[in-house]
Structures are given as structure tokens and as C-alpha cells.
Amino acid sequence: MSGVTARMENSIITTDSGILFFDQNWTQVSSGGHQFQHISAFAYDEVKQKLYFSDLKDPKFRIFSLDANPQEEYHKVTKLLPKSDETAYITGLVFDHLERKLYWTERGTHALYSVEVDKIGNGTDAGSLISTVTKVEDNHDLAGLAIDECRRHLYWTNSYLQTSNVVRATMAGKVLNSHTEDVYEPKGIAVDHYSNRIYWVEKKFGRAFSIQSVNLEVEDVKTFISENDKAPTHVALNSRYLYWVDQQVGEVHETLKSDSTQSRVVYRGNRPTAIIIKSALLLNHQNNNPSCKSVIAKILDNVKRESEGELPQADKPTSAKPEMIICLNNGILNHNTNSCICLPEYQGNFCEIPICNNYCVHGKCVIGRDNRPTCECDAKFEGERCDRSKCDGFCLNSGNCSFSDATATCACPKNFSGKRCETAICTSDYCYNGRCMVEEGGSPKCQCNVGYRGERCEEYTCNNYCLNDGKCVLNNETMLVECRCGAEYTGKRCEIPKRFCSLDTGNPELQPYCDGIPLSSQQQQQQLVEPQISYCKNSFNRTVVYASLAFAASLFILMVILLIVRRFYEEGRPRITKRFKVTSNHTQMTSRPATQCEITIENCCNMNVCETPCFDTNLLQKSSSKAEDKQYLLDDIENIAGSYRKLPSCAGGDKNLP
């Protein structure tokens, strides 16, 4: 490997036992800084391949640098910034390649600081180079820090419970906006240049935690992971994966960005604190990003000018041996690492290998926004490198694949159908009791086993075959079903009463059954068709039914006649007619004097006796002749003790009532 030109994505993890370096397969290749056991934050310089970090327990210095080239056995550590009386717990650290500045946050002082690293060590007091970018309120705890070098923004997290939020600010520290909704205790934060989003880890209530994301304007909140029983503190990203550190169990997790359920542990060991993906993200992978082009062009121009001696070469090792390096295909020599920074189309130690060289097997190679090669495949091929025919494995069940207008189609064998021959026409359970065969039209057909019938051989042949309690059996010689009838029936299905055999039915087809003459094999085959069962019209049962119906009808008519005769000769009850005669001297009921007659009427059914006649109910219950009824009525009219009487008027005058 030679500097930043290598496409391998190396990783760096800080632990309680030092700084560990890994290759792209997460195999440890080297380590350094073993004297530092409480590293709280660190940042990476891609141009000079230096690691900047802070150690909580060091009594004199707050920030150190370490040569991060994994090819070297010994990683030199340099003390950069001394501590002061105000120096507090450093929680976040980032590096800006354009201005070559370090930015960091301190929790105790509630401030964001910066320093130009190339000016340190030139005889100037390092403490005087530190600038205060901004201060936050005392009820804010600065935690994680991230930088968007392309768009020139800073992001930090505030983990104070009452005011917790995620902040976006300018490089000068001016707050632009923040995200506060449902933010509990955010910690590590990182910028994803590939998807233009911000990710941070956050402690939730109780044992819960989550990894959240927003866009670069800290809007459009999405939950990436939400789980329990872990304590994540730091997060980093590359083009495909998100990495997060769990200090509680000492693990580093790798989670697929496109599917958060796909995750694995890539490191387990001494308590990890932070992680950096050293993948030349800025210089190599973002050179085609429109938002990054102008910034990266300036960075590369500074590298070129420094290599050519136009700019002072700060912090260059004096013991380095000169080596002649020539970068091909307009590559830029980085004197700090003595390696080449290649254009997006080339790779190799000297930028000598076109990145698209033999990359696409059957297609055209193009360079994406992340400077990675991608393939535009020919019509009949697919895959990351167009190395797989669309017909490979497309047709199932021995189907033959062919192309029709660059679309893969399948010619299926006889027993299968579907776009990919995935559907079996004759499934194992299609014919219940038989063998399935495919007809010429592609439809399934069942050949039933002996003793079964139906479209899918679902019906036992003997089911409901023999009538009148006949017993169905299978003939072992002919393999046909036969009926063993009782004493009163005969026929193929025991459908003919034997008593009809003595009658002259005129049906010669029934005669062989009645006579007991065995049928020929041809007749037996014809009898496989179930005969239509018919019955004699003059049967005994029908005669009984008709006779019963006739008797019931006659009885009903007789009863109707008797009721009519009885009604005709029955004597009617007398009808009483009441007449009222009105004269001129008759006083109306409403105009009579106040003095009224008090009348006691016994057994009267209506109190208004002057208007309504009354009857003696006892007399009505007696059976008497018509003449006797009239006599009783006349007697009651004359007799004041009867059920009905005429009342004198209250005035005592003559009454003209009848």
C-alpha cells in the first residue's frame, strides 16, 4: 500500500490499551500509543496521514499527534498542545483539510476551540495559537463534533438533559439551526458524504439507545437503530456501512446502511472508545461529488504547491530518506507521505492503472460520484461487473432460457409453467388417489386408482353406489365394483325390486337381471355407465298415498256441508229496537234544573241508563224460545225492579218516551 491511493478501507480504533490499526478485512496490522489509556477523542488528516487525539489522564498536554501510516512498525507520537488552567474534558475533535485546522469541544468550559496545526512547532507558543470559536450556555454539555468540509458547516451534540439537541453552525461557530424534538442524550456524531445525512448515537430512557439521522439541514429525522442494553458512544461511516462503538460490552458493530437488520461485530476486546474509517473519503471518493469539487480542488492545489516548494513544508521528518517518486496520469505527489494522489480514473502506487481496466466484463465502465467504478451492462448481462448472463439460473426445473428483445424467457418442460417454470402443473397432492398426467393443452388430468373416480380421484367408487342397503365389493378379476343386493332387490345397483321381475314390464334390458343370466364382457363394460333408475307408476305405495288423500278430501267436504246446514237452521237472537220521541215541552239534559233525581240502578251495565238499555245477564245465559224472550223484555219494562226501566224526568213532568 502506498498512501491514499490504495482503495483498501483501513480502520483505526482507540482502546484503553492504545491505538489499533486494521486492514479492510478487520485484521490487526499494527498498533501504537500504548502509553495512552484514556483517549477521549481523535481526528484524522488524510493528506499527511496523521492522527490527532486527546488523553484525559495526561497531566501536561491536551492534544497529541501520531503517524498513522500502518506500514511503519513504530508510530511516532508528538505532543502538540499543552494544557492550561482552563483545559477541561475534550469530547469532540475534527480536522479541516482546507484550512488545516483542528476543532475541538470542551465540556467544562462550554466552548468550541480551533488551532492551525501547521503553525505548531515553529518556535511559536502553541497555547497562543488556540482560538475560541464560540461559547455555549452553561446549561449545555458539548459532546460529539463533526465537520462537513464540502459545505463548510460544523455539527455538534448537546447532551444536557434539559436542553439536549443537535446543532448546525458555520465554521465561525454561528448557530444556524438545531434539532430538539425527542432528543434525550446525544453523543457521537458523523457526516455521511455519500448520502448527505448526519448520524448520531443517543442514549434513551432506561436501558434503551438509538442511532438517529437527519439531512444536512438537521431535518427529516429517521431512526436507524433502536435497541436496548448497549451503550454506544461513537459512530463512523463509509460508502456501505455504519460503524458504532459499544463501550458496555467492548464491541464495534458494522451495520449495513441499506438494511439496519444486517449487522455483525467486527471487533471485540479491550474497551474501545472511538473509531475512524481511514478510507481516503475526502480526496479520492468525493472528487466527483459536485458539492465537494471546489473544496477538494483547493486542497489538492495546496498539496501540489507544497510538494513543489511554493508553500512551507511544515512538520516534515528530517530523517526521511529522499526517494524519487513519479506520479503518472496527472497524479499529484504528496510529499508528506511520499505517495501519489491520483485522478478519479486511475489507481495504483503511481496512478498507473486505469480504474476501469478490465473491470466490466460485458459492459461499459463509468466513474460514479464517489469515484468508484460502476458498470452499465449489455442487455443480456447483469451483476456488479456485468459478469453474469441474465439466463444464469433464471429458468427453474430444467427450463430452457432464451432471449426475446433482450428479455430472458423460459421454455418450460411438460410438467411446469410460469415465467420461470416455477409452478408445477401436476403437484404431489393434485390427484388424491391416482396418477397425474399433463394433457396436450397443458392441463392436468388424473388417472385414478382402482376403486376411485372423480376429476381428481377424490371419490371412492363404492360411495352411495349400491342402493337399498346393497353391499359394494370390488371384483378382483374384473377390477370393477359390484353390488351384493338383499333378498328384495336386484340389478347392478340393487335398484330393481324383485317383485317386479314377475310383472310384464316390457323392458328387455331388465330381464337379464331378473333371470339371473350372466352378462357378457361387452355388456359389463356398457353397464359401467350408471343406469337411470325408474319406478313403476302403479306401485303399491303410490296407491296408498292416493287413497289417503281422497279420504281426507271427502272428510273435509262433509264437515263443510254440516256447518252450513247447522247455521241455516239455528234460531237467531232477538233484536231490540229503541225509539226516542222528542216534544216541545221536553227539557234537554243540559238545561234541567239543578235539583236532580238520585237513582239507584242495580245490575245495570251502563250508568247512562236513560240513553242505553240494560239486560239481565242471568236471563241471557238461560236457553229460551223466541216468544219467551219477548215476554221477559216486556215484563222488565213495566216492572221497576227489572233490568231495564224508563226513568221519570227530574222535573216530574209527563214523559213521552215509548
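Just so you know, glycine gets a Cβ as well, placed from its N, Cα and C.
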Residue carrying N-linked glycosylation site as stated in Swiss-Prot, selected out of Asn541, Asn585: Asn541
Candidate in Cys448, Cys457, Cys483 joined to Cys466 through a disulfide, as Swiss-Prot lists it: Cys483
Between Cys494 (disulfide bond) and Cys483 (disulfide bond), the C-alpha gap once rounded to whole angstrom: 7
Same-chain residue ranges lying at least 6 outside the repeat 'LDL-receptor class B 2' (152-195) that approach it to Cβ under 8 Å: 92, 94, 96, 99, 103, 105, 112, 133-134, 136-137, 139-146, 201-205, 212-214, 216-219, 221, 232-239, 242, 244-245, 257, 274, 281-282, 285-286, 289, 292, 295, 370
Glycosylation sites listed as Asn25, Asn400, least Cβ neighbours within 10 Å: Asn25
Which same-chain residues, if any, lie at least 6 apart from Cys365 (disulfide bond) yet have Cβ under 8 Å of it: Ile355, Cys356, Tyr359, Pro373, Thr374, Cys375, Glu376
